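Annotated features in TrEMBL:
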type: TRANSMEM; residues: 12-32; note: transmembrane segment
type: TRANSMEM; residues: 38-56; note: transmembrane segment
type: DOMAIN; residues: 101-229; note: domain 'Palmitoyltransferase DHHC'
type: TRANSMEM; residues: 151-171; note: transmembrane segment
type: TRANSMEM; residues: 191-210; note: transmembrane segment
Amino acid sequence: MVFIRDPCGIVCLIFTYGAVIYADYVVMRWIILTTMPLSIWAPFHVVLFNTVVFLLGMSHLKAVFSDPGIVPLPANRLDFSDLHTTNNSTKQISGNGHGSEWTVCTRCETYRPPRAHHCRICKRCIRRMDHHCPWINNCVGERNQKYFLQFLVYVGILSLYSVALILGSWVSPCTECSQNVIDTQLRMIHSIVLLLESALFGLFVTAIMVDQLHAILYDETAVEAIQQKGAYRPNRRKYQLLADVFGRGHPMLWLLPCASLNHAARYHDTPLLSHDV
């Protein structure tokens with residue numbers, strides 16, 4: 001488990017859980033219990049909505065606390081003093097083509113495998129690093145990209161679900177419910193705030209989700225896209241690229257955060273270079 005002590009990331013974590021808790025409160029208190037207290041659909045929506053909240057929380061916690069693929073430091077300090085005389089923080093030490101080079105990170109003072117990059121916030125090199133995301137207060141890398149994508153999917157589902165429930169309560173208002181003016185006004189205010197929150201978060205996570213899927217299906221992380229390196233494995237099938245992230249299990253299990261990532265059969269992985277060499 002890892003936890004980055006970054007003030008911006010911690011604030012984003014608090015804001016994220018505050019938004020989710022507020023959405024759950026509004027849906028339970030001001031939509032379901034207020035507009036459909038006698039409906040047979042009320043318990044169905046309560047269970048389903050909170051199930052999505054639970055899966056969202058599980059995937060987010062795993063993305064936050066999972067090791068994104070930190071390159072381990074050597075047991076004994078290595079001497080890279082000659083590399084510190086240059087301006088670059090990395091030096092290629094071997095390679096025979098795109099993506100096959102091992103590099104030396106002069107910040108971590110260690111060897112790192114292909115596709116690993118140094119994160120200035122985590123202060124470590126991350127394998128297949130895509131970017132550092134403040135919303136999970138962690139890097140999105142080889143070992144937690146699955147959970148990050150699950151988090152985005154469940155936020156999108158929760159946003160759509162919230163919007164549907166709000167619009168449904170407006171289109172088909174409960175005629176038998178309490179007509180107290182204060183309650184009606186409070187429900188309307190909370191509904192509008194949640195509608196704006198859901199629309200904002202829904203559009204935001206959709207854009208990030210599309211970007212993440214593009215990075216996976218075209219096998220090019222955000223860092224590699226900036227460096228204009230192109231696809232790492234251009235001839236690999238799209239399904240195999242998705243399986244590299246979500247695991248070798250059945251696709252129906254890909255959205256379950258409780259399903260462990262299958263680290264077997266990661267054919268593209270290169271074992272870490274021995275520090276004893």
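Heads up, the Cβ atoms here are built off N, Cα and C, so glycines get one too.
From a predicted model like this one, the values you see are computed outputs, not experimental measurements.
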Per Cβ pairs under 8 Å, the stretch of 12-32, 38-56, 191-210 packing most closely against the transmembrane segment (151-171):
191-210
Six or more residues beyond either end and a Cβ under 8 Å away: which residues meet both conditions relative to the transmembrane segment (38-56)?
20, 23-24, 27-28, 32, 150-151, 154-155, 157-158, 161, 165, 176, 255-257
Could you give me three numbers for the domain 'Palmitoyltransferase DHHC' (101-229), the DSSP helix, strand and coil residue counts?
69 helix, 19 strand, 41 coil
Can you work out the mean pLDDT of the predicted model over the domain 'Palmitoyltransferase DHHC' (101-229)?
91
